[in-house]
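Below: the structure, in C-alpha cells.
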Amino acid sequence: MINPNRRQNGIRTPNHYSATSTTSYASSTTSNKSTSLVNTISRKVLQAFTGCFTPPTDNHSHNSFSYFDDSNLYRPSSDASNSSNSGKRHGQQTNMYASSNNSQHSEDLGKAKFSMADIYKATKRFSPNLKIGQGGFGTVYKGQLRDGTIVAIKRAKKDINDKHSGQEFRSEVQTLAQVEHLNLVRLYGYVEEEDERILIVEYVPNGTLREHLDGLHSDVHLDLSSRIDIAIDVAHAITYLHTYTDHPIIHRDIKSSNILLTEKLRAKVADFGFARLGADAESGDTHVSTQVKGTAGYLDPEYLSTYHLTDKSDVYSFGVLLVELLSGRRPIETKRPLSERVTAKWAMKKFSQGDAMLAMDPRVERSAANYLALEKIFELASQCLAPHRHIRPSMKKCAEVLWGIRKDYSEGATTENPILSQKPKRDILIREE
C-alpha cells in the first residue's frame, strides 16, 4: 500500500511519492472575480478538438513531419456554436450538470449516469481485489460499467465534517467536466450522496510516469524517444488548459505521479484537485492572488513567495518534470549528498558546467543523437526554471521547441554515431514574442 502524501498548508510534501494519480485535493480563494468566474465556468463544456496534438511516430517518414502549427492542431468541433478566430478561445455554452445533491451525474454529457448501485456493481462492492491505488484523496478501484467500459473509480475518504474535501471534490469535477483533450484524463461521471464522493474517470492501464522512472515496470524501457514524446504530450495538455479553454485553467500540480501512461506510452495528465481559474489576459489581470497549493519540489518559487499565481507556475513545474524525464530522479532525493538533493538545481549546475551527460539517466543509451537532444531539452528546462515568471516561456512555446527537438532527434537517430568528443555549443532555443 502506498503511503498518502502529507500536506502542510496546502503543500503536498512527498513522504513517499504516490505511485498513483490519486493525491490530496484542495480549492483556493481568489482575488479577482472568483465567484462569477467559477459560476460561469461551471456552466461550460468544451467541445472535443478533432485536431489533437500527436507527436510523430516511428513509422512516419521524416519528410512527412509537420512542424508545430497551432492553427492546425487546435480546432473546435464542427458543431461548435461559439468558434472564434485563430488565437482566441473556443467553446460552447451548455449546462454542465445540475445540483450535486443528486446522487446521479445529473447532466448526461453524452455519458452514462451513475448511482451508488452502479458503483457497487462496477467494483463488486469495492472489492479489495480491484483496488489499484491509494493516496491523500482516497482509494482508486478498477471497475467495469454496464456497457463493458473499464474505468477508474476514485472513492474519496469519508469525512463529512471536512468541508474542504467536498470543495476539493467539486473543484475536480468542475474542471474535468469542462475539458476534453487527447492528453487529459476523461471524466465519465461522479456521485455525491451523503458521505460518498466518487469520481468515475478514464482508466489508463500502464501506471504513472513516476512508476516507470522508478523502474517498477521492468518490462517497459523508456528510451529517450519515448521520454520526448511524453514531454510533448504533457506540453500539449497544459497548453490546452492555458490557452484553448473558455477561461485559462492552471493545473497547479504538474508532476510525474500525475502523468498516466497508456499501453503505447502516450501521456495523460490527471488529478485536477488543485486546478483553478487563472487571470484572463483580456481583462488586464496579470495574476490571481491565492494561497499556495502544490507539491514540494515542483512549486514555483515566485508563487511561493508572493502568492501570485499565473500560468507560468505550471511552466516551472513542467521544467522540473523535464529534469525528471532526463535524469530519472525524483525532484527531492533526501538520501543523496547535500549538493544533489534538489534534483533540478543539481542537474542545472551540471548542464551549465558542460557536464549534462552526468545528469542523464544511466539507463538511457549514450549516443551522439541522445546527447544533442539532452542538451537542447536541458536548455528548455533551464528557461522554464527561471526564478521570475516573465523570463519563462509559455507552455505553447515549450511545445513548439519540443516538436523541433523531436524532429531533429528523429533525423539524427537514423545514424548511430559514437558519443561526440567535443561538446556542441548550446543554442538559445526560445524567443518569446
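These residue numbers are counts, starting from 1, taken along the chain as shown.
Any Cβ shown, glycine's included, is placed from N, Cα and C.
According to its DSSP assignment, Lys158 (ATP binding site) is coil. The feature ATP binding site is assigned by TrEMBL to Lys158.
Residues annotated as compositional bias 'Polar residues' in TrEMBL: 1-16 (among others).
Look at TrEMBL and you will find 17-34 (among others) tagged as compositional bias 'Low complexity'.
Per TrEMBL, compositional bias 'Low complexity' is recorded for 77-86 (among others).
Feature annotation from TrEMBL assigns compositional bias 'Polar residues' to 92-104 (among others).
The domain 'Protein kinase' annotation in TrEMBL covers 126-420.
Among the features that TrEMBL reports, region 'Disordered' is placed at 1-34 (among others).
Marked as region 'Disordered' by TrEMBL: 76-108 (among others).
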Reported mean pLDDT - the domain 'Protein kinase' (126-420): 90
Surrounding CB atoms that lie within 10 Å of the CB of Lys158 (ATP binding site), all protein chains: 12
